[in-house]
Structures are given as C-alpha cells and as structure tokens.
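**Q** Dumping what TrEMBL says about this protein:
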ACT_SITE  Asp41  active site, nucleophile
BINDING   Tyr105  substrate binding site
DOMAIN    143-260  domain 'Pseudouridine synthase I TruA alpha/beta'
Amino acid sequence: SGVMETKSDQALVGVQNYLEKAAQPLQRGAPLRFHISSRTDSGVHALCNAAHVDLSRTPGRPQIRGEQLLLGLNALLRPEPIRILSVHRVANTFHARFSALSRTYIYRLLLGCAHHSQVPVFEQDLCWAPAGGPLNIPAMQEAAQFLVGTHDFSTFRSVHSDTPFQSPVRTIFQVDIQPSPGFLSHHYEHRDLEFWEVKVKGRSFVYRQVRRMVGALVAVGQGKLAPHHIKELLEVRDPLAFPPNAMAPPSGLFLKSVEY
C-alpha cells in the first residue's frame with residue numbers, strides 16, 4: 001500500500017501507519033512519528049528501507065535497548081509483510097531521509113512470457129514481463145549511460161507529482177542492466193525465461209523517476225525508441241514529452257538499500 005502514512009478514511013494502510021501503531025505503547029502522551037528515508041509507492045517493494053523515530057522516556061525509566069525494540073516491534077507487526085531488520089541508537093542530528101548519501105533501487109524484468117499467465121506463480125507481482133518478444137539488451141545498456149550523471153530529470157518526473165516546485169536536478173551514480181536469477185528459478189529451467197535487473201543508484205529521485213527511466217529503457221529494448229532518444233528526452237525537460245503509457249509498473253521495483 002506504499003510506505004507513507006495514509007489517512008484514516010482511506011482503504012489502503014501505509015507501512016508508516018503500522019510502525020507508529022506498533023511503537024506507540026513505548027511512549028505515553030504525544031503521538032510517535034516515524035521519518036522514513038524513501039517514499040515508495042503503492043505496489044513497490046523494499047528489501048531494506050530506513051526510518052528514525054524520537055523516543056523520550058520519563059525520568060527514572062530505563063533506556064530502551066535496540067534488541068528489545070526490535071523484538072517488540074516485530075511481535076506487533078507479525079501479521080503484516082513488514083519486518084524490522086535492525087535497530088541502532090543514533091545522534092540527534094541524524095535524519096533517515098536527509099542524512100542518506102544515496103539510495104539503490106533494483107527493477108526486475110522477466111523476458112520470455114508471451115502472456116501474463118506464463119509468469120511463474122512465485123514471481124507474481126514481483127517483476128514486470130513486458131509484452132512484445134525479446135528486448136535488445138545492448139541497446140538498453142547503451143541508452144542507460146545517458147542517464148548517469150547530474151541532469152534535469154523534468155521529463156522523468158510524473159506529471160502528478162505532489163512536489164511540483166521541488167528541483168528536478170538529480171545525480172545518478174549508476175544505471176546497470178545485468179542478468180539475474182529468478183526466485184526458485186531452478187524449478188522452471190525448462191522454460192525459456194530470462195530475468196534481468198536494472199540497478200539504479202542515486203542520491204535522491206523525483207517522483208516516479210526510476211519507473212519512468214526503466215519504462216523508457218524498455219521502449220529502447222523494444223525498438224520503439226533509439227538509445228539517443230533518452231538523451232533527447234532529458235534535454236527537452238518536459239514531463240509531457242515522456243512517451244505515453246511507457247512508465248514501468250510498480251510491481252518490479254525494489255528499494256534495495258539506503259547508504260549513509
């Protein structure tokens with residue numbers, strides 16, 4: 001349902017809501033607020049996200065140990081697909097979002113499926129199987145290099161951004177496209193399925209930037225765009241110039257790590 005807090009009248013509940021509900025018994029009075037590093041959309045996955053929370057203890061009560069907090073939160077989160085992997089005490093100057101040096105995303109592509117019903121059951125909602133036959137991977141790898149560096153990514157920002165006045169200039173350190181093993185892939189070796197990962201590392205991203213970048217690269221792989229068109233899309237600096245219906249779906253996107 002996405003990582004960010006949703007309001008009480010919404011059907012979908014964000015990861016932040018669950019975290020704050022689980023941690024609230026630790027502090028009576030003022031509501032707890034989690035600050036999360038990366039605002040993943042509904043349908044997007046996180047292998048490892050990061051958040052911070054400020055806890056104040058009444059005088060005389062012992063400090064909460066990290067291991068104690070880890071076990072307590074996971075016990076309360078148990079029914080949900082959310083797990084706390086580690087807990088660390090940090091300085092008051094630390095901020096989960098603004099202290100991050102970079103974020104690494106993985107987008108998983110599945111090739112060889114003529115129809116969505118051919119996606120292995122263990123891969124449902126965990127990858128994107130673009131229609132239209134094989135992709136020209138070398139062309140995609142050539143196009144990806146135009147995205148590396150510091151650019152104005154206005155064309156790759158969604159027109160529905162809730163922060164339209166935020167600077168569209170972003171720095172991308174890495175865009176790699178490499179083969180990848182599938183989950184339990186040895187069970188369907190007899191099928192001509194190929195998994196590929198698009199790895200994107202950057203300091204920060206504008207709204208839906210990674211999904212639009214991957215969608216444009218897939219369009220190159222399908223022959224709908226040439227590699228140099230990626231450079232031209234950057235230069236035009238207009239979100240309306242982005243090819244219609246080319247944004248990659250959320251299911252294949254994973255936040256892999258946040259670096260501090």
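Keep in mind that glycine also has a Cβ here, set from the backbone N, Cα and C atoms.
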**Q** Express the distance between the Cα positions of the residue listed as 'substrate binding site' and Asp41 (active site, nucleophile) as a whole number of Å.
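**A** That comes out at 13 Å between the alpha carbons.
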**Q** So if I draw a 10 Å sphere around the Cβ of Tyr105 (substrate binding site), how many other Cβ atoms end up inside it?
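**A** The answer is 26.
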